[in-house]
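Novice: Take a look at the following structure, please.
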Amino acid sequence: MKNNLPIIALDFASAEETLAFLAPFQQEPLFVKVGMELFYQEGPSIVKQLKERNCELFLDLKLHDIPTTVNKAMKRLASLGVDLVNVHAAGGKKMMQAALEGLEEGTPAGKKRPSLIAVTQLTSTSEQIMKDELLIEKSLIDTVVHYSKQAEESGLDGVVCSVHEAKAIYQAVSPSFLTVTPGIRMSEDAANDQVRVATPAIAREKGSSAIVVGRSITKAEDPVKAYKAVRLEWEGIKS
């Protein structure tokens, strides 16, 4: 990760929608996230188009499979020139290590390996869901911290977690370990389907390394204005 800009979640169905959304930003440097919907619709071409626009790019596919499959997939993703990719920590240490090896093998000579982070628990997951549906008796915070330690031991660069776990994670891992936190909303915005949410200011106070912001920007009447407001709050600058 080259900078600390808010990461904009490009939750659109097509390249056409995505590029139309980005047009008002002109050539402003941006850090964007491409998820499953957009990547599965457009494939590697959307990555190429966004890199041509000079965007830093988080490819959010949350790989979770047997180690060999994840290793081979990461080799392919590394060749695309993305900056940040992820796996599910629940896949275990062997899978995470295989993912890292795949990235290292697939990164073109002379290029920097994409950063690799692991999803701990989705921000839509609550304590109740963990206990009743996933049959996990440990608390959510204990599970997230455990997954974070496993990710660091596997050589990964960080994790995806909610803002509310960031401080506890840093009591268990090194200061350079990344905590990428989705579920970010401005105070006036609805939480929608996410449970563990926070504002950019709270994320900064809790020690998040990076924030991922979707609907507060993409659904705003003026996305550029909304992005600037998020960025100022994230940077601790009063508008």
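Glycine too: its Cβ is placed from the backbone N, Cα and C atoms.
Copied straight from Swiss-Prot:
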BINDING   Asp11, Lys33, 60-69, Thr123, Arg185, Gln194, 214-215  substrate binding site
ACT_SITE  Lys62  active site, proton donor
Novice: Just how many other Cβ atoms lie inside 10 Å of the Cβ on His64 (substrate binding site)?
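Specialist: Result for His64 (substrate binding site): 18 other Cβ atoms within 10 Å.
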Novice: Around the Cβ of Pro67 (substrate binding site), how many other Cβ atoms lie within 10 Å? Please give the count over every shown protein chain.
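Specialist: Looking across every protein chain shown, the total is 18.
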Novice: Determine the Cβ neighbour count for Leu61 (substrate binding site): the number of other Cβ atoms within 10 Å of its Cβ.
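Specialist: Leu61 (substrate binding site) is surrounded by 17 other Cβ atoms within 10 Å.
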Novice: Give me the count of other Cβ atoms within 10 A of the Cβ belonging to Lys62 (active site, proton donor).
Specialist: 15
Novice: What does the structure give for the C-alpha distance between Gly214 (substrate binding site) and the residue listed as 'active site, proton donor'? Integer Å is fine.
Specialist: 17
Novice: In which DSSP state, out of helix, strand and coil, do we find Thr123 (substrate binding site)?
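Specialist: Thr123 (substrate binding site) sits in coil per DSSP, no helix or strand.
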Novice: I want to verify one value. Collapsing DSSP to three states, which class is His64 (substrate binding site)?
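Specialist: Its secondary structure by DSSP: coil.
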Novice: Look at each of the binding-site residues, Thr123, Gly214, and point out the one with the fewest other Cβ atoms around it within 10 Å.
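Specialist: Gly214, out of the binding-site residues Thr123, Gly214, has the fewest neighbouring Cβ atoms within 10 Å.
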Novice: List the same-chain residues at least 6 positions away in sequence whose Cβ sits under 8 Å from the Cβ of Asp11 (substrate binding site), in sequence order, or say none.
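Specialist: Spatial neighbours, sequence-distant, of Asp11 (substrate binding site): Gly35, Glu37, Leu38, Gly214, Arg215, Thr218.
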